[in-house]
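Annotation source Swiss-Prot lists substrate binding site at Arg27, Gln28, Ala29, Gly30, Arg31, Phe46, Asp77, Tyr154, Thr209, His327, citing sequence analysis. If you look up Swiss-Prot, you'll see Asp77 marked as site 'Transition state stabilizer', on the strength of sequence analysis.
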Amino acid sequence: MTELKNDRYLRALLRQPVDVTPVWMMRQAGRYLPEYKATRAQAGDFMSLCKNAELACEVTLQPLRRYPLDAAILFSDILTIPDAMGLGLYFEAGEGPRFTAPVTCKADVDKLPIPDPEDELGYVMNAVRTIRRELKGEVPLIGFSGSPWTLATYMVEGGSSKAFTVIKKMMYADPQALHLLLDKLAKSVTLYLNAQIKAGAQSVMIFDTWGGVLTGRDYQQFSLYYMHKIVDGLLRENDGRRVPVTLFTKGGGQWLEAMAETGCDALGLDWTTDIADARRRVGHKVALQGNMDPSMLYAPPARIEDEVATILAGFGQGEGHVFNLGHGIHQDVPPEHAGAFVEAVHRLSAQYHN
C-alpha cells in the first residue's frame, strides 16, 4: 500500500474519524488561477492541455501549491469518452464544447466503438500516472467521469444545451435508441474509471451534471439506472485500500435516497440542498460532499467564513462530511477568497471531530 501523508479525504468518504473536515474544490485547477492561464496558453488550447501528461499534471498540482487542500483531482474533461468514440470534439469560442458528428439515431449508436482506456484514452492514464508520481503521497488523487446521461446529452444535442429538446425527443420518441447509447456509455465509463483506478486514482467521482433536468421517473430509468450499473462494475479495492465512489447529480437533491441505494460511498450535494436535511435522510448510509454556493466566493472573506460555519453546523458532529462547493468554482473568483474558504473549513471544523 502506498503511504499517504494526508488521507482524511478518503477517511471521510468512508465515514471514518478525521481531525478536521477535509476540503477540495470542484474545478480547483482552473481559470481563476493566473498560473493555470499561463500553462493553458503554453499548451495552445484546452484539449492539448488535457492530452499532455506533464502539463495536465502541472495544472493539477497548481492549486495544491497555493492551498492546503485535502485531495487532488485529475485535470481532464468529461467529454474525453465521446471524443474517443470519434464524434469530433471541438471548442467554439464563447459556445463551449461542440461535436462535428452528433448521435441522431440508432444507426449512429450502433457504429460507436467502446474506447480502450489504455489506447484511445491512454493520454488520460498517462496523466494519472504522472500526477500520482508527482504527488509523492501528499494527498489522494481523485479520478472522474461524466455519467452516461450527461455524456449522452452532449452527444445527442451536439454540444451544450439549455432546453435539452433534442435528447428528450429521442428519450420519448425512440427510447430504445437512447437506452442502447446509455448502455454503451455505461460500459465505456466502467472501463475508463477502472483504468484510472489501476493507473493510480485513489477515489473516483461520477458527475451527472444534467440529471436534474429529468422527471423523477425518467431520472431513475435514464440516469440513475446506468450509474448503478457502473458502481456495480467498479474496482472497489486497489493497492491494499478501498477506493471510494462519489455520485453527484446537480439538481438531484430530491433523489438522495435512491442514489444512496446504488452502493456508492458518498453523494455530492449542490447548494440547493440543505445539508442537515440530507444527513437526516441518507447520512446513515453514505458520506456527503458539499455544498457551498460557488458564488459565495465573490463575498468578502468574513462572509465566506460565516457560510462555512453555517454549513459545518448544518452537518453537525461526527464523520462523513467532505467540504466542497456545490458546483465548480467560477473563473473570476479572487484566488485569495478561495484560500480564505479552505482555511476556514479546517479551522472551524475541528470542534466537530472528537
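Each Cβ is built from the backbone N, Cα and C atoms, and glycine gets one as well.
Look at the binding-site residues Arg27, Ala29, Arg31, Asp77, Thr209 and count other Cβ atoms within 10 Å of each Cβ; Arg31 has the fewest.
When secondary structure is read from DSSP and collapsed to three states, Arg31 (substrate binding site) falls in the coil class. For the recorded site, Thr209 (substrate binding site), the DSSP three-state label reads coil.
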